[in-house]
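Presented below is the structure to which this report refers.
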Amino acid sequence: MSETSQPSQFKEGDIAWMLTSTAFVWLMIPGVGYFYSGMARSKNALSLILFCFLCVPVVAMQWFIWGYSLSFSRTGGLFIGNLRNAFFMNVRGEPTLKAESLPEIVHAIYQGMFAAITPSLAIGAAAERARMLPLLVFIFVWSTLVYDVIACWIWSANGWFKTIEGLDFAGGTPVHIASGAAALAYCVVLGKRHGHGRDEFKPHNNVNVILGTVFLWFGWFGFNGGSAFGANTRAAMAIMVTNTAASFGGLAWMLMDYRLERKFSALGFCSGAVAGLVCITPASGYVSPPVSVLFGITGGIACNLAVKLKHILDFDDALDVFAVHAVGGVAGNTLLGIFADKEMAALNGEIIHGGAIDGHSIQLGYQIASSIAGLTYSFCISALILYVMDRIPCLKLRMEPDEEEIGTDETELGEPAYYFLDRVVASIQVQIASKTMSSPQQTQLQSIDHIHYS
């Protein structure tokens, strides 16, 4: 095929939609940062946003060097790709295997955003006690040994899951189950936060949580809609079911909390919306809008109940990453094995056998196998990476107890998230302490000294 003949088969509308979707997914990464930042204590707020955002340059470097090639090389194997496209060699204007209307470079940069957001999801479990340099090293190594491998299984033309006709539209296993399992490994290897079970760890800024949810929900339209690899009816359907599942997931979680607290929790709604988004992700191109309601409700309820696992099994997943992403991903994969719809897949020409509801019961087995394989592989390799790193003196994973008490913002960055507010509170405390209190009213004011802004 000559170089001059290639552009004629490309569709400018499809390219424009995919580049827009790339930007949507990029926006999700700071969204994760804001979501996690709001759920943490204020002394760790800035570092969590930065840790998530740094996944962009670290993974961009890894993706350029060999990540894309290991995941999507045309001549890769069942388990992992090769270095045919290392440093983006041979990634130019040829059509991608995903869609003949797109050049491969568009596919490469779009999938690079998936690779970047996945470790940003995982690091929430290590919040408030992880050191920055080892975290960045872990992101690079984990992306190579875990994400690229699982992405090859699921999405590469030669991957073992692809060859048995397994289904995963937008990343139930490589993104959510893989990141949830890695999060579990990270929090287990790190150990519990100091004061866990004694101190109260409450979200310091629910406005940040809502802001992060807005970015995530908005970006997820490109995450799932872009996985149709074209501006087509299937992309529209994927966006429709994504919005529906998020809505029902948020309401389901909020009502689950209401039955206990008799309060409508903003944090609960945001967590449920994300759970619904996670659950619908692998199925977003394979199910109809009515079925997506079931995905949203199941995701909201299952992930809400899964939060209790950290108490039952006694691990400190600081931001409930395992409960939302691993459990939500498994729930989505399982439901997909039942409800995969041949007609939905055919909207852009994909031919599948359907799920159990279409008489293809073996699909449920394929989806469960994907979940188990992704969960087991990601947890074991993540734990091994972390265990080895922690034995290297310069890559010690956890901060010292006194550093943890101060917070990662001051210890790792030297910059608080709320510098002005900290100064105002400190100034008020100093002024009150310098006065001689004699009246009952002054004695009452002195109680302000006991305010600890943390």
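Counting begins at 1 with the first residue displayed.
The backbone N, Cα and C atoms fix where each Cβ goes, glycine too.
Listed in TrEMBL for this protein:
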{"type": "TRANSMEM", "residues": "15-36", "note": "transmembrane segment"}
{"type": "DOMAIN", "residues": "16-418", "note": "domain 'Ammonium transporter AmtB-like'"}
{"type": "TRANSMEM", "residues": "48-66", "note": "transmembrane segment"}
{"type": "TRANSMEM", "residues": "105-126", "note": "transmembrane segment"}
{"type": "TRANSMEM", "residues": "133-157", "note": "transmembrane segment"}
{"type": "TRANSMEM", "residues": "169-191", "note": "transmembrane segment"}
{"type": "TRANSMEM", "residues": "203-223", "note": "transmembrane segment"}
{"type": "TRANSMEM", "residues": "235-255", "note": "transmembrane segment"}
{"type": "TRANSMEM", "residues": "264-283", "note": "transmembrane segment"}
{"type": "TRANSMEM", "residues": "289-307", "note": "transmembrane segment"}
{"type": "TRANSMEM", "residues": "319-340", "note": "transmembrane segment"}
{"type": "TRANSMEM", "residues": "368-389", "note": "transmembrane segment"}
Cβ-based contact of the transmembrane segment (203-223) with the transmembrane segment (15-36), 3 or more pairs under 8 Å
yes
What residues in the same chain, six or more past the boundaries of the transmembrane segment (319-340), come closer than 8 Å to it by Cβ-Cβ distance?
36, 39-40, 121-122, 124-125, 127, 167-168, 172-173, 175-177, 179-181, 183-184, 187, 271, 274-275, 278-283, 286-287, 291, 294-295, 298-299, 302-303, 306-307, 309-310, 352, 354-358, 360, 363-368, 370-371, 374-375
Over the span of the domain 'Ammonium transporter AmtB-like' (16-418), how high is the average pLDDT in this prediction?
95
Cβ-Cβ under 8 Å with the transmembrane segment (133-157): same-chain residues at least 6 beyond its ends
51, 54-55, 58-59, 61-63, 66-67, 70-74, 76, 78-81, 97, 111, 114-115, 118-119, 122-123, 126, 166, 168, 171, 173-174, 178, 182, 186, 370, 373-374, 377-378, 381-382, 385-386, 389-390, 394-397
Output the single range from 15-36, 105-126, 368-389 maximising the number of Cβ pairs under 8 Å to the transmembrane segment (169-191).
368-389
